[in-house]
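Only one structure is covered here, and it is reproduced in the block below.
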Amino acid sequence: MSYKNTNNSHLILFKLLLLLILYSADLTASSSCRSECGGCKCGGIAIPYPFGIGKGCYLEKSYEIECLNTSGKLVPFLSVISKEVVSIHLPGRQSFGSVRVRSPITSAGCSSDGKDSAPVMNLTDSPFFVSDINNLVGVGCSSKVSLEHIKQNMVGCELNCSTTNASDSNSIPFFDKTGCSFSYTFAQVCTGNKPEDMGCDGRGCCQASLPREPQQVIGIRIESNDGKSTTSGDCRVAFLTDEFFSLSKLTKPEQLHAKRYATLSLGWIMQTRNTSFVNSLACKIRKDTDTAYSNDQSIKCICDYTMSIISDIRYANCECNLGYKGNPYDSDGCRDIDECKENPKYCKETDTCVNFEGGYRCVGDKTKAIMIGAGTGFGVLVLVGGVWWLRKFLVKRRMAKRKKKFFKRNGGLLLQQELNTRQGVVEKARIFTSKELEKATENFSENRVLGHGGQGTVYKGMLVDGRTVAVKKSKVIDEDKLQEFINEVVILSQINHRHVVKLLGCCLETEVPILVYEFIINGNLFKHIHEEEADDYTMIWGMRLRIAVDIAGALSYLHSAASSPIYHRDIKSTNILLDEKYRAKVADFGTSRSVTIDQTHWTTVISGTVGYVDPEYYRSSQYTEKSDVYSFGVILAELITGDKPVIMVQNTQEIIALAEHFRVAMKERRLSDIMDARIRDDSKPEQVMAVANLAMKCLSSRGRNRPNMREVFTELERICTSPEDSQVQNRIDEEEEEDGVEEEEEVVTIVHRGDSWSIGVTAPASSIVASPPSSDVEPLNPLLTW
């Protein structure tokens, strides 16, 4: 009885000891993996972290590797997809990681039982995807193989064993999403290659590239050339693989079917919902560094955060910094590289290689290098300082010469002479520096352009004292045009009238002369009357009439009240500016002329704008004060009709001057037909008729029949108060019209020549002295000088 109990006790003890040994072996193997968590191996295949064998050795369930004993051999399996693992590679800086697995082969007509295999790879809800490094390979005859369940495109190739012509067999048809085929021809990139070393060309073997987009669900379909699925006939196989198949490696489909598997490369990303894991690695986020790698050698690894290409989950892509190697996903996985041991030739033979964390340095005799560096640095410093001082001196000297040259070329000496002759009459204007105006206009930016005039471009500027100004930068002019520029400065210096744009100063030290005017905020009259997009209903009749009075007052002052009568010579709606209260100001005196009291006309080259030029001035070559009156009459016609100075008659499609069209309509008593519709309802008919009659007098073909600007101004003021008392009668001098028919036809003809002219004919002007109304004129005190 005791002997039997003793035997039983020994048996139980032996079993317990055996179980303890087996458990210890398993625990040792498991703890060995867990101690490194990423340094495990299974069947000779390295399993780097975040993959791992056993609980605690992998990051998440998706990265779990099962090490199974298959036919007496340890084989790693990726448990989330139940696929045998061939190798695992960590992602680099510009690529994803890869896991090579054994994937089942799709077959048709190969099984003795008549059953075909068509497995579908489903990687949904995992960090894995089929990468474009793989190819679709088909082996067999008279079939088409294609991919199923993929996004965007349909990919496939055709098998044909009956083709004997080599030129026909080099083309592999691919299929797009519409079912149409296009050919892709393999090029022999290596000279001397044997034909059997080239890729599958469709004769018993074909292959096609996968789309670049990652795929998580993918299948393979085999069908006959007529497009029907088949389960009979010769054996045909198709599979995805990252291996290169050539004619020399071609295997019969039956042998491939017997293998059952092909090697497939799966891409993977470091997908984790727990960002604290990446934080625990103490890696630097790449966006915080200026370069691909960090210059801080104490940083062992660098990570990128981005959105997953296969899901809406953020993933991390990490790598060891320069000077380190290892697994960045393992805690303290990046270890220093000892460059001095790996390659002692990093340093010269005379130097000593010293390794440190993240790098190395070469230590040698520094005395000679320091002396050479100090001497070179001092010499370079002296040389650079000398060159800088010399350059500064030369630039300053050259700028002084340029300013002096520009001042002389831009008429500075001539302007000084003109202003000196008017000493005591003209107050000095401010002389602006080029730097001031460049700062005010942001270096004459295109965004500051207000408009382009006949003599230059106008910019909006802001002075340092906060004043907004208009800066007129003249065009490049020759010496013959300098008189016009100087003329404008001298004339505007004499003018002190609230309806004339005020000149604030000028700059002559630039390549082209620059004038600075007061800024008029609401642009020109032409824009408000004629531009279609303006749709400006502020231009009611009362405002138009007031603008006409303002212009007439300014011209009356220029003709009568200035120290010397001034003829503008370019009166037009684009030269009439409107301030914030829509009060008119006359601008652009580039072609103006000042005449002495005893002169009756001014002889000059004809200039002006088509539609505004006095026909008598054109015929007689004499510019008088009545020529400005004629141009003002055209503006009155614009205010009444809303038409441009040159119009196209709708009935005849004939291009004529507005002045002629207006006179004909008035003669035929059709004022209501040509009146601007925007003022028809709010205007007083008797006022419009009175202004129209006045415009007719101003547009008379003979200058002697026109009123002077003093009379025009007085009449317009009377019309504003009591239009029924207007002294201008609605009558047309028939004799005058008959005498001027030929002349007016000539005027109409020249309209077709363009918007402006300069014709080589001499012409003069007359001068009338009269007292301007006190309401519009400030004392004529000297304003500007040089």
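Any Cβ shown, glycine's included, is placed from N, Cα and C.
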Could you tell me which of CYS320, CYS353, CYS362 is bonded to CYS340 by a disulfide, according to Swiss-Prot?
CYS353
Name the residue among ASN7, ASN69 that Swiss-Prot annotates as N-linked glycosylation site.
ASN69
To which of the residue ranges 31-51, 115-135, 556-576, 766-786 does Swiss-Prot assign the term region 'Disordered'?
766-786
Consult Swiss-Prot and report which candidate among CYS303, CYS320 shares a disulfide bond with CYS318.
CYS303
Name the cysteine that pairs with CYS347 in a disulphide bond per Swiss-Prot, restricting the answer to CYS320, CYS362.
CYS362
Let me know how many other Cβ atoms fall within 10 Å of the Cβ of TYR617 (phosphotyrosine).
25
Packing count at CYS347 (disulfide bond) (other Cβ atoms within 10 Å of its Cβ):
18
Using Cα positions only, nearest of the recorded positions to VAL458 (ATP binding site) (ASN122, CYS318, CYS353, CYS362, TYR617):
TYR617
Distance from LEU450 (ATP binding site) back to CYS340 (disulfide bond), taken between C-alpha atoms, in Å:
70
Quick one: of CYS318, CYS340, CYS353, CYS362, LEU450, which of the recorded positions has the smallest count of other CB atoms within 10 A?
CYS362
For CYS347 (disulfide bond), the three-state class that DSSP assigns:
coil
Of all the glycosylation sites given, ASN69, ASN122, which residue's CB has the most CB neighbours within 10 A?
ASN122
Under DSSP, the region 'Atypical EGF-like' (301-362) has how many residues in helix, strand and coil?
7 helix, 29 strand, 26 coil
